[in-house]
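Each remark here refers to the structure printed beneath this line.
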Amino acid sequence: MSADLTRLSAAALADALTSGEASSVEATQAHLDRIAAVDGAVHAFLHVSSQKALATAADVDARRSAGEELHPLAGVPIAVKDVVVTQGLPTTAGSKILEGWVPPYDATLVEKIKAAGLPILGKTNMDEFAMGSSTEHSAYGNTHNPWDLDRIPGGSGGGSAAAVAAYEAPLAIGTDTGGSIRQPAAVTGTVGVKPTYGGVSRYGLIALASSLDQAGPVTRTVLDSALLHELIGGHDPRDSTSINEPLPDLVGAARLGANGDLTGVRVGVITELQGEGYQAGVQARFDESLELLRSAGAEIVEVSCPHFTYALAAYYLILPAEASSNLAKFDGMRFGLRVIPEDNPTAERVMSATRGQGFGDEVKRRIILGTYALSAGYYDAYYGSAQKVRTLIQRDFSAAFEKADVLVSPTAPTTAFKLGEKLDDPLAMYLNDVATIPANLAGVPGLSLPSGLSDDGLPVGFQVLAPAKADDRLYRVGAALEALLENEWGGPLLGRAPELETR
Ligand code: GLN
């Protein structure tokens, strides 16, 4: 096959593999070559697994030749965020405290990926323990945005988004606790989906905040996200919060949406998530996308979610509280790093030295915040109040979904900012997730897709939210908008990204 295999969507690549136009070994090698050529500049990967990926590819090719019935995505390579445990592949969660740790087991979603025969290209860079919006909190250095190497790729899953945007992988896995799939997708011109809480197993994700974490797809098209979501989703008895019901027909919804007809679909614009604080170009692209939805037959209504104003404050109590407890297990006794102080190395002093050296500043900041919020005497004032706000936000969503089938907003208030710009200002960093956090607090699903370039020439994301367990609506509306926009642009937005220098 002469076309560059790295430029195809996952669905198109899967077709090429099925028809015999290309082999998985060729496709996997093409992506490994691309990684070798551009990842020195992008730094999306923390670990590249060439040999294992090629071995999986060769196995899939052999099974296909033998006439075996394979998963539709068999042989299509994928990258996995380094917070997801992978047997035999290093897993660090972007932290020094897990340097050198090789998990003895696979996350459920990784088991599914392996069983379906997708070669795993490697593990992607991220903010340490998924805390951040820029990937600058990784203990292993920045990832660079392929649109402009001086800018952030979003976070915490900047590595997965940059890998997909730079054609280093057609598919990637992210995790989203407050926006870490959707916000990186927005600032890199890719598609990212946070499924309904409980829709994808959390077994084998290194937990940040267990009541908020969800894994999901990072891709270049809405259909590709639906295909990957169907592969990784579904009930898992090893995750007690896993939904014990079949997934809705996500791929069917994406294919239906692609015809561009949204007659009868009610789209709710969230009053609180637009206007002041949103970059002019972000708001302009959002408004234009709304007009396209209207032209496709959707009914646009305005809905108010008054408690969303408090979402960020509630999140930054609940998240640190849960994180401080989840991170207690990194004590130098069980995983990765162990620092033994020279004088009087008692167990307690080893733990303290290991955590002191192993955790970065942002992680320490949140552990301190979390333990403070949970301490006796403060629990009701902080954690208890935050949980009440969470309930109010859930009620806002319920009321809004009476009036609309999906809700929409810009995914992030700004386009990609410069590396270093917000590193010394935690609050400014936290504000990037103002539009994505409500979905995590309520457990509802959300999708971000590219909606154009802002005045600064950088990608803007459009967010679609749906009621819990109605993830299919994201795909229908997302695919419809994607088709309408690409019709206007004459191709995908990523086609307008500058070519990266290769070496
Ligand atoms: N940026 C948010 C935070 O720092 C979201 C992180 C995430 O979704 N993992 O917590």
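Placed from the backbone N, Cα and C atoms, the Cβ positions cover glycine too.
If you look up TrEMBL, you'll see Lys81, Ser156 marked as active site, charge relay system. Per TrEMBL, the feature active site, acyl-ester intermediate maps to Ser180. Here TrEMBL flags 26-474 as domain 'Amidase'.
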**Request:** Using C-alpha atoms only, work out the spacing between Ser156 (active site, charge relay system) and the residue listed as 'active site, acyl-ester intermediate' and round it to an integer in Å.
**Result:** 5
**Request:** Taking a cut-off of under 6 Å between Cβ and any atom of ligand 1, tell me which of the active-site residues Lys81, Ser156, Ser180 pass.
**Result:** Ser156, Ser180
**Request:** Note the mean pLDDT of the domain 'Amidase' (26-474), expressed as a whole number.
**Result:** 97
**Complete:** The correct three-state DSSP answer for Ser156 (active site, charge relay system) is coil
**Message:** Rounded to a whole angstrom, what is the C-alpha distance between Lys81 (active site, charge relay system) and Ser180 (active site, acyl-ester intermediate)?
**Reply:** 11
